[in-house]
């Protein structure tokens with residue numbers, strides 16, 4: 001159903017990712033950016049408050065009619081849970097406690113994971129570092145869709161289905177592209193999450209558990225905030241691999257929209273990324289950028305030139321230095 005996309009292959013490139021050279025050039029010109037590379041302890045209190053708000057919402061929905069459970073899971077819970085996944089993104093970069101307390105950050109990530117209902121924070125950390133070091137690398141960067149996704153989701157309707165099912169593909173893709181041995185922290189993450197889910201069921205009931213899980217599923221699928229999944233690296237303009245978004249939803253997402261800035265300086269917490277853009281404005285103002293994630297979702301589904309194949313892909317090579 002719907003017209004078929006024109007792209008039938010990834011955009012293969014044989015050059016290094018652009019962030020390495022730009023980082024080096026910007027730091028040579030603006031060494032003061034190094035002062036922005038520091039922990040953000042405010043994340044500890046913000047994330048804890050988000051956890052408590054979701055805990056309160058579990059109590060508030062426990063006796064609602066099912067239609068209102070689903071309604072509030074999409075309208076409210078989805079925003080909170082998607083925001084929490086991006087808090088986990090901040091934690092994966094060790095921003096709450098700093099790099100010298102990396103283990104504290106891993107435990108805090110497990111804590112932040114609890115309202116989402118599905119364990120993933122420890123695994124996300126492992127794969128996300130690969131995404132930065134080997135951006136677009138075949139068989140390493142699991143942010144790149146599989147060949148099956150590009151081949152099958154090739155019509156307007158199928159692309160819409162793909163957007164709705166994004167959380168499923170993000171969960172399963174690592175198993176097919178770059179499987180890794182399970183670590184003890186991943187086991188702890190899983191066991192802790194299962195225990196919390198059981199507690200939610202027995203204390204609040206099935207409606208609260210469904211609310212929590214639906215909030216994650218809906219919030220990571222066809223949802224305005226989910227536009228960032230596509231906006232960050234899908235090639236809407238040939239030759240451009242990473243795109244920033246400067247709209248208001250950055251307020252809910254720890255500035256993940258500042259994505260060129262983030263990949264240029266992954267050791268700068270989200271709070272300081274607008275300062276990076278301000279300091280080095282001549283570098284970022286000229287790059288392609290978005291002001292609406294909703295429009296990104298619409299264009300992805302409706303534009304026949306865009307599909308899951310619209311990613312720049314490169315053969316695997318040596319690791320990039322992120323310092």
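Glycine is treated like the rest: Cβ placed from N, Cα and C.
The annotation N-myristoyl glycine is assigned in Swiss-Prot to 2.
What Swiss-Prot records for 307 is phosphoserine, and it gives similarity to another entry as the kind of evidence. Here residue 307 (phosphoserine) comes close to 5, 7, 150, 153, 154, 159: these same-chain residues lie at least six apart in sequence, with C-beta atoms under 8 angstroms from its C-beta.
Annotation comment: Swiss-Prot describes 128-132 as motif 'Histidine box-2'. Summarised by DSSP class, the composition of the motif 'Histidine box-2' (128-132) is 5 helix, 0 strand, 0 coil.
According to Swiss-Prot, the feature motif 'Histidine box-3' maps to 259-263. For the motif 'Histidine box-3' (259-263), DSSP puts the residue distribution at 5 helix, 0 strand, 0 coil.
Long-range Cβ contacts of the transmembrane segment (41-61) within its own chain (Cβ-Cβ under 8 Å, at least 6 residues beyond either end) map to 68-69, 72-73, 76-77, 80-81, 83-84, 87, 90-91, 95-97, 108, 111-112, 114-115, 200, 204, 207-208, 211-212, 254, 269, 271. As annotated by Swiss-Prot, transmembrane segment applies to 41-61 (among others).
Same-chain residues lying 6 or more positions outside the transmembrane segment (68-88) and placing a CB less than 8 Å from one of its CB atoms are 43, 46-47, 50-51, 53-54, 57, 61, 109, 112-113, 115-116, 120-121, 124, 207, 210-212, 214-216, 218-220, 223, 225-226, 252-254, 256. The transmembrane segment feature in Swiss-Prot is assigned to 68-88 (among others); the stated evidence is sequence analysis.
A Cβ distance under 8 Å defines the sequence-distant neighbours of the transmembrane segment (102-122), meaning residues of its chain 6+ beyond its ends; these are 44, 47, 50-51, 54-55, 80-81, 84-85, 87-88, 91-92, 94-96, 171, 183, 185-186, 188-190, 192-194, 196-197, 209, 212-213, 215-216. Taken from Swiss-Prot, the feature transmembrane segment applies to 102-122 (among others).
Residues annotated as transmembrane segment in Swiss-Prot, with sequence analysis given as evidence: 152-172 (among others).
Residues annotated as transmembrane segment in Swiss-Prot: 184-204 (among others). Within the same chain, residues 58-59, 62, 106, 110, 113-114, 117-123, 212 sit at least 6 positions outside the transmembrane segment (184-204) and bring their C-beta atoms closer than 8 Å to a C-beta of that stretch.
Packing against the transmembrane segment (217-237) from elsewhere in the chain are residues 11, 73-74, 77-83, 85, 135-136, 143, 160, 163-167, 170, 243, 245, 249, 252-253, 256-257, 259, 288, 290, 292-297, 299-300, 306, 310-312: each is 6 or more residues past its ends and has a CB under 8 Å from a CB in it. Swiss-Prot lists 217-237 (among others) with the feature transmembrane segment, giving sequence analysis as the kind of evidence.
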Cβ-Cβ under 8 Å with the motif 'Histidine box-2' (128-132): same-chain residues at least 6 beyond its ends: 89, 92, 140-143, 178, 263, 266, 320, 322
